[in-house]
Amino acid sequence: MYYISHTGEQTVDPGTRVRLDAAFKKLQASASKSLLKKYLTPSVFSMLKEKKTKLGATLLDVIQSGVENPKSSVGVYAPDAEAYDLFSPLFIPIINDYHLGFGSWQKHPDTDYGDMRNLVDLDPFGRYIISTRVRVARSLHDFPFNPILSEDDYHQIEDLVSNALYGLTGEFEGRYLPLVGMSREIIKKLRDEHLLFKNCDKFMEAAGSCHYWPCGRGMYLNEKKSFLVWVNEEDHLRIISMDMGGDLGEIYRRLVRGMEQIEKHILFSHHERLGYLNFCPTNLGTSLRASVHIRLPHLASDRSVLEEVASRYNLQIRGTRGEHTDVEGGIYDISNKRRMGLTEWQTLEEMQRGILELIRLDSKLSRRQQVL
């Protein structure tokens, strides 16, 4: 049921209003260091708490994951594309903070894949990098995001995407594997190979990202297992190019070739100022994440050096099984952090320089220890 304010705008119902007030009090009383707590001030809360998008999303949909999970670093999600504009007094400072200075006056640049010949094999002798992956997130133009997708929406997205993917040719030919009906053995095998997404975690569940699971979820995989598409995990699509070793240039070129085929069949959600729109504000702009699974045995003993280089080149360090996971076996997952205010090419070039610097420093420490 929709409630209409005296101005004629949609407003929240009394029950949501009560839950919002309780959520805000809980957030304020928590020890959270999230961007949500930092920027959801009493004045911003008062300004936004009565608003509702045309599809019915409220501020509660935006903040509920961060409220329930005080260890969140960001804490907000967009339930639909309109939310980024309607709740902009909260999203703008969070986006500015996370993306290292993307202000409300800035416009994300147009897509530019750059001169891909200038990307290199980061580890030609295979001493450091185990695997490399480059992915983008995409949302379909005519659909909301997870919290307000219906069961029928999930089926429609899966049908639209799987039909488009079956039209891929050449190196991208493969098959679509729906999560519904997939055996536990196959699921475990695909996850052990880092091919299939994991089940919803507590952050996604609180954000409303797990409705009707596993309905409408699945993955597309080419024959060489070097190009895959996740369907209805966190975003409508995650388009991924990956391979063993550190040949960033070839892996990136494959991603671009595959995306160009997909874009002939699917229209994606795009914002004039923010770039590609997705569920989490960390995945705006290019939404591109380039990462390596890398061993840095000598730097591992001095985390401060690792963190300093990561900060200098805007890199993110996390566990090998994704966000909110631990480092296993001394292997780091290191990727670019910024996705807004710079082109796809600039993102990859910055990440490349950062990884090469980490390898240089680790090699330098190794030589020093050999001398000693």
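Glycine is treated like the rest: Cβ placed from N, Cα and C.
Going by TrEMBL, these are the annotated features:
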type	residues	note
BINDING	131-135, HIS194, ARG238, 289-293, 318-323	ATP binding site
DOMAIN	17-100	domain 'Phosphagen kinase N-terminal'
DOMAIN	128-365	domain 'Phosphagen kinase C-terminal'
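With the fewest other Cβ atoms inside 10 Å of its Cβ, the least crowded of the binding-site residues SER131, SER291 in this structure is SER131. Helix first, then strand, then coil: DSSP counts for the domain 'Phosphagen kinase N-terminal' (17-100) stand at 50 helix, 3 strand, 31 coil. When pLDDT values are averaged over the domain 'Phosphagen kinase N-terminal' (17-100), the model yields 97.
On its own chain, VAL134 (ATP binding site) has ILE240, SER241, MET242, LEU248, ILE251, TYR252, LEU255, LEU288, ARG289, ALA290, SER291, LEU348 as residues at least 6 apart in sequence with a Cβ closer than 8 Å to its own Cβ.
The candidate set comprises the binding-site residues ARG238, ARG318. Of these, ARG238 has the most other Cβ atoms within 10 Å.
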